[in-house]
Amino acid sequence: MAAPDTGWMSSHLALVVLELVGIFVFAISGALTAIKKDFDAIGILILAEVTATGGGVIRDLIIGDTPPAAFRQVEVLLVPLIAAVVAFFAHPVVERLNFTVLLFDAAGLGLFCVTGTLKALDHGLGPVQSAALGVTTGVGGGLLRDVIARETPALVQVNTDLYAIPAMLGAAAVTVAHRLELPMSVAAPAAAAFVFAFRVVAMVRHWTAPRAWTRRSDASSKRA
Amino acid sequence: MAAPDTGWMSSHLALVVLELVGIFVFAISGALTAIKKDFDAIGILILAEVTATGGGVIRDLIIGDTPPAAFRQVEVLLVPLIAAVVAFFAHPVVERLNFTVLLFDAAGLGLFCVTGTLKALDHGLGPVQSAALGVTTGVGGGLLRDVIARETPALVQVNTDLYAIPAMLGAAAVTVAHRLELPMSVAAPAAAAFVFAFRVVAMVRHWTAPRAWTRRSDASSKRA
Amino acid sequence: MAAPDTGWMSSHLALVVLELVGIFVFAISGALTAIKKDFDAIGILILAEVTATGGGVIRDLIIGDTPPAAFRQVEVLLVPLIAAVVAFFAHPVVERLNFTVLLFDAAGLGLFCVTGTLKALDHGLGPVQSAALGVTTGVGGGLLRDVIARETPALVQVNTDLYAIPAMLGAAAVTVAHRLELPMSVAAPAAAAFVFAFRVVAMVRHWTAPRAWTRRSDASSKRA
């Protein structure tokens, strides 16, 4: 009887560690944005906290699960503080590790969009709404980061590597698995791994989402 | 006994259809802003969703009615998706229909500020607070749209045609009717129609809200 | 027995008056930002309301205490309206009183970060989370003001006088006093007064938070 318990505990521990790593890396991306914009130490801390916790806080407010997880588990607030301190002193090193940071960020994206979708399903929301909340969990913090830093959100900008689309597909996969009653202990990690892999390939190959479709017939008729 | 039921159903159906039309048109305005700013397909979808659902989500979070309506009724998330697809392919057509879009937007404004005020009154909020939430329902989505798109919010800009003031008067009218216990089946549509008409006239006549009052005596005394 | 009751009532009344003064001054800072950015009358009102009530609304949403205080006590919405009208007509006078406004703003900051922390502790949140919410109560409205006005948030900008750091220390002091079970009737005013004094000295002496630490060895090695 000990074996499955241990198995569950170790996988649970792995999940907690992975989530804290995701929070750390999201916080690093917030802190680096603040440093790039020449904000002061407080700005670095605030962007680290908002980037790391923003998506989950929005998700929990919408679900109605208050206080949000970030205000119940103290480590969710402390990890971004550590990330801010690390970035404050070691940002030249961290910037040189840019691709490594982006890899961990992709892992965080995969993890957060899957756990966000699962939490929404657990609270009885429908599949479309749960997938939307899963994506919000993954991309919300980065959106708030860019709004506060007065940058055009990377999320919406032309010529940025795909970010939301892997999250959308991963969240959708989770809702389908939930509907088909597939075992989540397999489906959830698979979906998170898919998001991670898709995002990494999109970065390497520079896959981008299209601009609005411009009617070429218009242009050609004008030229004629 | 069938007659009043049918009457109620048909008016209820009309309300549902009108609300979805309002959501569609708000989403179109978000999608067109994204296209104007040259955002990618994801940016078009996100601005469509945020513009259409943002005001109502803020209202429901403040009232404490979670999950917000947008995350309970799936059509509230799907209609902006359709609007985003329409704008993505047909934006040159939609832009030529600019005035038509603004007309529907005025209808959405009237509808949302009235239903938002009524919902807040139903939840026991005071008249001033309910009117404030009604206006928030009407203008909140557009404010979030402009913040994400990094545009000076149309809501606060000098030389934009009146938008919030019709909504404020309509919301106030609903709270007065509620206090006087007038029949809402008459008062609510009347208030929504008033907001619509006021907004349309303000657009046609280019009525604007004043700048801060500058003390002319200062200027003249300096000149002397 | 009348004496302590009266004492409690008068101190309670002082608190209510002080809180409304804080709300008024925060609203003035929002209205002046709107006037500086040449927003119209609606923009002045919206920035006044958001700046004055934003921090407390975010706090109450996160705690789960809905509707937020701003939507229960009508004066919390009416005082910013009065501030907006005052700023609209008398802004040249108000601007000349800039330092006076900043003094009252410092008082508001001290008050809000202390009452925000206490409210979070009362709702059972941990000390770090409560301090974070106290700081959010104090600085959240100003952050929203700057985001809507499309200004780089004063909160994060280099070379701005310390604002968040006094609030953080004050909020931390409240959580320590709470842990040590010190009498809050003494500790809370003391913490608020400390925040006020620290902020005023920081303004007078132009104390600022540091930029990210740049590795000088890098620069010198390049030069060599």
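Glycine is no exception: its Cβ is also placed from the backbone N, Cα and C atoms.
Bear in mind that TrEMBL entries carry predicted annotations, made automatically and left uncurated.
Here TrEMBL flags A:12-32, A:39-58, A:70-90, A:97-118, A:160-180, A:186-207 as transmembrane segment. TrEMBL lists A:17-91, A:103-178 with the feature domain 'Glycine transporter'.
Highest Cβ contact count with the transmembrane segment (A:39-58) among the listed stretches A:12-32, A:70-90, A:97-118 falls to A:70-90 (criterion: pairs under 8 Å). Remote same-chain residues near the transmembrane segment (A:70-90) are listed as 20, 23-28, 30-32, 35, 41, 44-45, 48-49, 51-53, 56-57, 60 (criterion: CB distance under 8 Å, separation of at least six residues from the stretch ends).
Counting residues per DSSP class in helix, strand and coil order gives 57 helix, 2 strand, 17 coil for the domain 'Glycine transporter' (A:103-178). Across the range of the domain 'Glycine transporter' (A:17-91), the DSSP-based residue counts are 63 helix, 1 strand, 11 coil.
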